[in-house]
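Chemist: There's a structure below that I have some questions on.
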Amino acid sequence: MSVTVVLGAQWGDEGKGKLADILAHESQICCRAQGGNNAGHTIVANGVTYDFHILPSGLVNPGCINVIGSGCVVHVPSFFKELEALEKHGLKTDGRIFISDRAHVVFDVHQMVDGLEEVELAGGFIGTTGKGIGPTYSTKMTRSGLRMCDLFDEKIFEAKLRRIAMGYQKRFGDLLKYDVDDEIARYKDLRGKLAPYVVDQIPLLASAKEKNAKILVEGANALMLDIDYGTYPFVTSSNTGLGGVITGLNLGWRSLREVIGVVKAYTTRVGSGPFPTEQLNEIGEKMQSVGHEVGVTTGRKRRCGWLDLVVVKHSHACNDYTAINLTKLDILDDFDELKVATSYSYNGETLEGFPANPEILAQVEVQYDTLPGWKKPTTGVTNYYDLASQARSYIEYIEKFVGVKVKWIGVGPARDHMITRS
């Protein structure tokens, strides 16, 4: 078995979907290990645009089996809505998408509570997507949540869901406008529809290992949103790095062939939290406009700033990348000069690494190196050496600083707008 992992190296929205799509065409199985439909990316294939949230993008490859792993959380109505949208675009999904019976279920009550918890936080709000991901992982960790396997025992399902609803009702009182009977009734219809998709993931992937299948793992969110190694508390509720891959899927570390970090050529972030290289000026506005930086899941404009190599190096220290996919290089085509963050200082002292304390992170001074822009279009370039020398210098600076080869370079939105270096 040969496993390739594609992970976001920044705060998400790096453009993981394009490389995942390319690699999925070489894979027999494509997996999601963690997260839910709070993730989002777009793939352009054969002139058709597909939006993915909870579903693995390997569905674009008709020969690829797709697995939503045990570490994921699934809102069942959204799962079917996304499937239907893909099928309307001509994708045939029958027999190619499966959900682990150990994955936890996101209910409407989780989504309602998500919003109420943001209100509770007041000025300290996280900027959640409102998809119920955090509350679902919370019930998972308190061992009160429901897994996919629980949905098929009506008595267990009803008792557990009522218990969750009762707990939230005690906490939020009249603020919670939730009808538990309505959701219980809805699953009477969904149960039979869902049954063909739910499987025991462990023998499925064990069989793939015996057959020496090529497996692609598609990371959701990104390392800086990791519950342990990201900018806590402004993070998601799962392990978004390599650790989440190992625990969310029964794939041993010895099966890993390549761990690819996807790095946007500048930095973006959605929601709240410290962002040291953010540009609240014409530079940030230009990146936002030219890069069409609007979230696929939330529709929110992304905050934009210079490439932060302190972030990328921290990400590499956590995930041990074997290669980097640099994306959206073309968005920087019209800049006279480019800055890259190389270190932070706090109270006059240079910091050794990426600070855990968000209060410190919000106050750091950023040290930059300035590199010349190339002022030439890169879109459509297919050979690395056809790029302007300044563009190559930018790429090679990143390689040297992080210590990882940039193997793929995105130079446009289409699937074939990708330079591959040997």
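Cβ atoms are placed via backbone N, Cα and C, with glycine included.
As annotated in Swiss-Prot:
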BINDING   12-18, 40-42, ARG302, 328-330, 410-412  GTP binding site
ACT_SITE  ASP13  active site, proton acceptor
BINDING   ASP13, GLY40  Mg(2+) binding site
BINDING   ASP13, GLU14, GLY15, LYS16, ASN38, ALA39, GLY40, HIS41, THR129, ARG143, ASN221, THR236, ARG300  IMP binding site
ACT_SITE  HIS41  active site, proton donor
BINDING   VAL296, THR297, THR298, GLY299, ARG300, LYS301, ARG302  substrate binding site
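Context for these features, please: burial, neighbours, distances.
Modeler: A 10 Å cutoff on Cβ-Cβ distances gives ARG302 (substrate binding site) a total of 22 other Cβ atoms nearby, all chains included.
Taken residue by residue with DSSP, ASP13 (active site, proton acceptor) is part of neither helix nor strand, so it is coil.
Around ASP13 (active site, proton acceptor), a 10 Å sphere centred on its CB holds 28 further CB atoms from the protein chains shown.
Here ARG300 (IMP binding site) comes close to VAL270, GLY271, VAL294: these same-chain residues lie at least six apart in sequence, with C-beta atoms under 8 angstroms from its C-beta.
For HIS41 (active site, proton donor), the count of additional Cβ atoms within 10 Å of its Cβ stands at 23 [all protein chains shown].
Sequence-distant neighbours of LYS301 (substrate binding site) (same chain, 6+ residues apart, CB-CB distance under 8 A): GLN288, GLU293, VAL294, GLY295.
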Chemist: For a quick check of understanding: among the binding-site residues GLY12, GLY15, which residue's Cβ has the most other Cβ atoms within 10 Å?
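Modeler: That would be GLY12, with the highest Cβ count within 10 Å.
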Chemist: Where the record says ASP13, GLU14, GLY15, LYS16, ASN38, ALA39, GLY40, HIS41, THR129, ARG143, ASN221, THR236, ARG300 bind IMP, what is the longest distance in Å from one Cα to another among those residues?
Modeler: 34
Chemist: Among the binding-site residues listed here (ASN38, THR42, THR129, ASN221), identify the one with the smallest other-Cβ count within 10 Å.
Modeler: THR42
Chemist: Compare the C-alpha of ASN38 (IMP binding site) with the C-alpha of each of the binding-site residues LYS18, GLY299, LEU329, VAL411, and give the closest one.
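Modeler: So, spelling it out, the nearest of the binding-site residues is GLY299.
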